[in-house]
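Annotated features in TrEMBL:
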- Cys322: active site (ACT_SITE)
- His381: active site (ACT_SITE)
- Asp404: active site (ACT_SITE)
- Asn444, Asp446, Glu493, Glu498: Ca(2+) binding site (BINDING)
- 314-407: domain 'Transglutaminase-like' (DOMAIN)
- 1-33: region 'Disordered' (REGION)
Amino acid sequence: MSETTSTNEEKKKPPLNGRRALPSNNSNDEENEVPEMEAFGLIPRGFNPKDYLRVVDIHMFKEPHEINKQQHHTDKYYSPKLIVRRGQPFQIQIDFNRPYKPETDQFWLEYLIGRYPQQNKGTYIPILVGDVLKPGEWGAKITHKENNSIRLSIMSSATCIVGKFRLYVAVWTPFGILRTHRNSATDTYILFNPWCQQDAVYLDDEKEREEYVLNDVGIVFHGNINDIKLRSWSYGQFEENILDACLFLMDKAELELSGRGNPIKICRVASAVINSRDDSGVIAGSWDNTYTYGVAPSAWTGSVDILLEYYSSKQPVRYGQCWVFAGVFNTFLRCLGIPARLVTNYSSAHDNNANLQLDFFLDDEGKVDTKITKDSVWNYHCWNEAWMTRPDLPVGFGGWQVVDGTPQETSDGMYRCGPASVQAIKHGHVCFPFDAPFVYAEVNSDIVYSRREKNGTQVIEKIDTTHIGQLIVTKEVGGDGMMEITEEYKFQEGSKEERLALETAVMYGVKKETTQDTTYQPQTDVDMDFQVQKAVLGSDFKVTITFRNKSRNYYTANTYLSGNIVFYTGVTKNEFKKHSFSAKLEPSSSSAFDVLIKSSEYLSDLLDQASFHFFVTAQISETGKILAMQKATVLEIPTLRIKTQGEMVAGKEMSVTVEFTNPLKQTLENVTLRLEGPGVLRTMKKEFRQIPVNSTLIWEVKCTPKRPGLRKLIASLNCDALRHVYGELNVQIQKP
């Protein structure tokens with residue numbers, strides 16, 4: 001795609017940064033200029049574009065009653081443009097200036113999105129006309145020819161970007177490519193498709209699709225557990241400009257266009273941008289009963305006013321509380337075609353330190369001491385569930401995912417929550433992203449009432465294990481009644497399964513204070529342990545899982561190892577290793593099983609601290625008991641050594657040396673060293689073609705420090721096989 005940019009356009013170009021050749025493509029609204037004549041070279045004088053096939057008109061069949069919107073369930077959108085769902089064919093008609101001759105004429109379609117269209121990012125999609133349409137892949141075929149017109153059936157990819165695409169028709173001539181001019185009437189919105197089996201949001205029940213995608217009103221259950229109240233909420237996902245407003249939210253959140261085919265990413269960024277904390281998102285929350293200069297949360301009746309006000313003013317709309325955030329979020333999800341529902345949890349725990357217990361401290365008279373009681377129980381709390389597959393998690397955790405736009409706690413540095421698999425929460429597998437422990441605590445915490453005696457000892461007065469998350473509800477499908485979904489989130493209170501889920505959750509990092517004896521019986525006659533071999537970054541290593549069967553029975557342990565790369569805070573980045581096997585355990589004996597972790601499996605995703613977290617879960621088939629264990633391990637990363645020589649005085653030249661020894665079993669290729677020290681030297685860079693195994697590289701730099709005082713020199717080394725190698729040195733620069 002060549003680009004003709006006017007000088008005016010040049011001025012608007014954002015500054016490039018050093019990490020990418022093109023600026024980030026995260027606005028659906030921006031466009032590039034596409035040449036109508038793309039010459040292959042010099043154009044001969046006699047060339048007349050009119051001699052070639054020329055597009056006279058394009059018919060999009062975009063009226064609500066016409067075939068496309070009918071077949072794609074988009075006839076309710078109040079929009080003059082074509083709106084289709086991905087992975088499903090739609091029709092257009094092209095009128096040429098003469099009959100189309102397939103033997104000699106060549107044309108193709110181009111769909112573009114954003115300002116920097118690139119084919120490998122899915123933002124520039126050229127479509128050649130073929131004979132067959134493959135399900136779920138981009139393609140086009142001619143279904144009908146008549147006079148100067150052809151009818152095309154176009155298939156979009158079932159994983160393509162969701163948003164507004166621009167359409168061009170390109171015609172090949174010997175001297176260049178002729179394109180149709182920019183015509184916004186042919187813009188095509190592509191949405192998620194819950195009707196398409198290959199789509200990540202596919203939902204197989206037609207009644208559910210009608211409710212969770214096409215119903216534009218809903219019911220919010222509020223009040224409290226003993227006094228359930230309900231109110232209607234207008235989602236209005238088909239109203240004029242709402243689709244554009246929802247696409248703008250993704251621009252606002254700066255979600256890269258290439259990530260907009262992924263419902264997990266969309267939900268995650270949307271849960272942050274729905275609230276105004278830390279990103280000037282849609283709604284400002286207020287829980288203090290003063291709503292000056294704004295609308296009281298209880299006054300809103302639906303999402304449309306809020307979204308349209310935000311779309312035009314670009315400023316947070318005041319004010320919201322949980323059901324307002326959830327109502328607007330639901331509109332956003334349904335509008336884009338992600339099945340969604342609004343859920344209410346009665347007696348919802350807002351646990352300040354995620355220890356699965358809400359601590360209520362009583363004073364001498366038995367009243368709650370509000371000064372030191374930080375945890376809280378919300379009478380009810382509303383969030384959303386969105387329906388999607390979770391290819392990033394082990395099998396079985398797809399389906400409904402909790403997403404919450406109400407700003408309660410930060411997640412990865414922003415106020416957002418989810419998507420967290422409801423199934424994972426029910427079974428206590430809260431290790432899987434995102435934010436499952438927080439949601440687990442919202443529906444499962446115990447309330448512990450304790451009183452401080454005069455002598456300072458803490459006396460526990462009462463433990464209430466059944467108060468939190470007593471009832472979780474949503475609107476029923478196809479009616480206005482209430483549907484209870486508590487058992488989607490938790491097993492029967494007091495059942496064996498509930499205990500097991502709790503133990504699993506505790507094991508996966510949900511802290512549980514032990515305040516009473518639990519009635520949980522673990523599998524006592526089999527012990528499981530695992531060891532991670534100490535390893536230097538870049539080498540393969542083993543995880544050895546050992547079972548000790550102390551019983552006289554033969555057992556089979558269905559074992560699952562999950563290796564995750566984690567931030568040093570313990571937050572998972574991603575799962576890089578999944579390995580399942582069945583272990584046969586002989587009576588009264590020990591057996592060990594090795595799982596090899598190859599460096600190629602982890603190197604590409606490694607984070608600075610090279611921390612891994614392994615979970616091993618084994619279920620004994622014969623007894624159904626679960627053995628589970630987790631360990632964190634850190635690879636050893638070599639460091640750079642920085643030395644200085646001579647005196648260090650402001651304004652005088654000094655010498656800095658960086659040394660590094662290659663610890664890997666391979667030669668390092670194309671190594672980049674960087675050295676910087678604010679106030680001492682500008683960032684300097686040096687490339688080394690190769691560092692052989694065990695050899696040491698020495699780089700000497702001369703510099704003249706500008707400012708006296710304590711300064712820091714920072715060096716980094718980077719190559720494909722080895723990243724995040726750092727060194728630093730504090731230097732005291734003297735006054736001259």
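A Cβ is built for glycine as well, from the same backbone N, Cα and C atoms used for every other residue.
For Asn444 (Ca(2+) binding site), the nearest neighbour among the active-site residues Cys322, His381, Asp404, judged by Cα separation, is His381. Distances between the Cα of Asp446 (Ca(2+) binding site) and those of the active-site residues Cys322, His381, Asp404 are shortest for His381. The CA atom of His381 (active site) is located 6 Å away from the CA atom of Cys322 (active site). Of the chain residues outside the Ca(2+) site list Asn444, Asp446, Glu493, Glu498, Thr465, Thr466, Ile468, Gly469, Lys490, Gly494, Leu502 have their Cβ within 8 Å of the site's Cβ mean position. Sorting the recorded positions Asp404, Asp446, Glu493, Glu498 by the number of other Cβ atoms within 10 Å puts Asp404 first. The C-beta environment of Cys322 (active site), restricted to residues of the same chain at least 6 apart in sequence and closer than 8 Å, consists of Trp378, Tyr380, His381, Cys382, Trp383, Thr406. Each residue contributes its Cα atom, and for Glu493 (Ca(2+) binding site) and Asp404 (active site) these two points are 25 Å apart. Annotated pair Asp404 (active site) and Glu498 (Ca(2+) binding site), C-alpha to C-alpha distance, rounded: 24 Å. In the predicted structure, the domain 'Transglutaminase-like' (314-407) carries a mean pLDDT of 86.
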